[in-house]
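Below: one structure, written as structure tokens.
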Amino acid sequence: MKALVSVKRVVDYNVRVQVKSDGSGVITEGVKHSMNPFDEIAMEEAVRLKEKGKLTEIVAITIGGAKNEETLRSALAFGADRAIHIKEEGDVQPLTAARAFAAALKKEGAQVFFAGKQAIDDDANQTGQMVAALLDIAQATFASKVELDGGKAVVTREVDAGLETLEVDLPAVITTDLRLNEPRYLKLPDIMKAKKKPIETVTFADLGVEKGAALTISKTSAPPKRSKGIMVKTVDELVSALKSKGLV
Amino acid sequence: MSKILVIGEISDGKLNSGTAKVVAAAAQIKGDITVALFGADVSAAAADAAKLDGVTKVLKIESAANANPLAAVYAPQIVELAAGYSHVLFPGTAFGKDTAPRVAARLGVQQVSDIMVAHSPTSFDRPTYAGNAIVTVEAPAAPAIVATVRLASFTAVGSSANAAIESASSSAALPSHTRFVKLEAQKSERPDLQAAARVVSGGRALGSSDAFKIIYSLADKMGAAVGASRAAVDSGYVPNDMQVGQTGKIIAPELYVAAGISGAIQHLAGIKDARTIVAINKDAEAPIFEVADFGLVADLFTAVPELEGKL
């Protein structure tokens, strides 16, 4: 059984992003990038399922410019068998990405599509659900536990009330949440081995996908800053400060 | 004029408090507001939704298939219902985030996630990069705008209205590929984290689930809900539904008390809209102090019980 895992190159989670002064976006030049942390969890889960014999092949897939090859090499170092690079330099919004992933999923005949529940750049939390909708297959989002069993998956999901368990028929989309697993640290031999694994390059046209209508971003601005408050020295001072503001 | 369909959320048989905030976002867009409720029996929630100021109609879509909120089952029905509406709005909750993209994709539209402000029927502000960059987006009006609403950005509308309640049925074909197994819900007598006026949160510094007792105890004294940082949840001190932050719950209480929380970017993303933030931390350099209105450098194991005693 084959799994397709989408991985996105994003500004590293430790970077404090700066908004450009002309409001045209955020500064990404000269800033550290890495694989979206939720996608690392998706990769890790696929690799563990393969190690358990539940999957036979893992294909990593990404959309973006030349630099995204780094992200695919990381995915291959995690343990993907091969990778697909959908080459596209421009802005790709979730529905467009989902159309391309859905086409690739069909072409590959993969039974599971793994993706992080959201990318930490646009924070959209849409693409996995859209892939499932376009193919009219099941989705299990925000997964914290995944069991594959024959033609089915049993997935525990993190929802607002607690933990929800779904049983879904395959093929299905599974998006991963923080506590599903702890991604492995990539070792040098695996990174070296990844350099020899194949990456296939395709375009939207190859997949028969049109980009379609998009949201227009007219402006990017910094959020209002919270002003630094007062440091109190004792609990008594804190209590009187809260009392004077009518908060307790 | 806009015709806005609000997809209400039901928790434990009752109308989720987030629905009144989604209606507030709809009121900002301006237009005729209908609330749709899906479930097996939604009469109690429908009665509450009908009271929400600005709502003109409540639609009940009741069936056995709708008993649990499965995105794959609700989406085709919402798509069918969406014909004739200019906007379909969902709460920015796990339910809304799960379901909205499935509807948007079926309608062939890009979705607007986490609306913070509606400048016009088609122009919205939304957060990116854990709230560190706010983008203003213009969405194509046709065929419809599908969006989730960032609940912390809106104040719930009042409940003095008396909208009509109607039943609707759906002829959409429903999939059988998704089956609900169970929900393990955390029962709590404390206020709901997302609706509470006061929240007390604990972080990694607590060190164990047993030590979290002092946080619960302070919260009970203050009538507050209890939250936690990702580190505390990851360490297993508290369940996942208590996580506050970029990928947990985004909250806007009047008073937020962070005890033993260092203040990672991801946590701060969840508390930016709190009116007043109090931070108690041993480390004077902790980033939480940069956003705190009142900061106290102290050992939480002595400061938290002392605070409880003096309130």
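Glycine is no exception: its Cβ is also placed from the backbone N, Cα and C atoms.
Annotation comment: TrEMBL describes B:4-184 as domain 'Electron transfer flavoprotein alpha/beta-subunit N-terminal'. Summarising the annotation, TrEMBL assigns FAD binding site to B:Arg204, B:229-230, B:243-247, B:260-267, B:Asn281.
Location within the structure of each feature annotated in TrEMBL.
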residue  : record           : contacts (Cβ under 8 Å, 6+ apart)
B:Arg204 : FAD binding site : B:Ser229, B:Ala231, B:Ala232, B:Ser235, B:Gly260, B:Ile261, B:Ser262
B:Gln243 : FAD binding site : B:Gly227, B:Ala228, B:Ser229, B:Arg230, B:Val233, B:Lys249
B:Gln246 : FAD binding site : B:Ala130, B:Gly131, B:Ile265, B:Gln266, B:His267, B:Ala269, B:Gly270
B:Ala264 : FAD binding site : B:Ser229, B:Arg230, B:Ala231, B:Gly245, B:Pro287
B:Arg204, B:Gln246, B:His267: the binding-site residues whose Cβ falls under 8 Å from a chain A Cβ: B:Gln246
Other C-beta atoms that fall within 10 angstroms of the C-beta of B:His267 (FAD binding site): 27
Structural state of B:Ile261 (FAD binding site), classified by DSSP into three states: coil
Secondary structure at B:Gln243 (FAD binding site), reduced by DSSP to three states: strand
For B:Ile261 (FAD binding site), the number of other Cβ atoms found within 10 Å of its own Cβ: 32
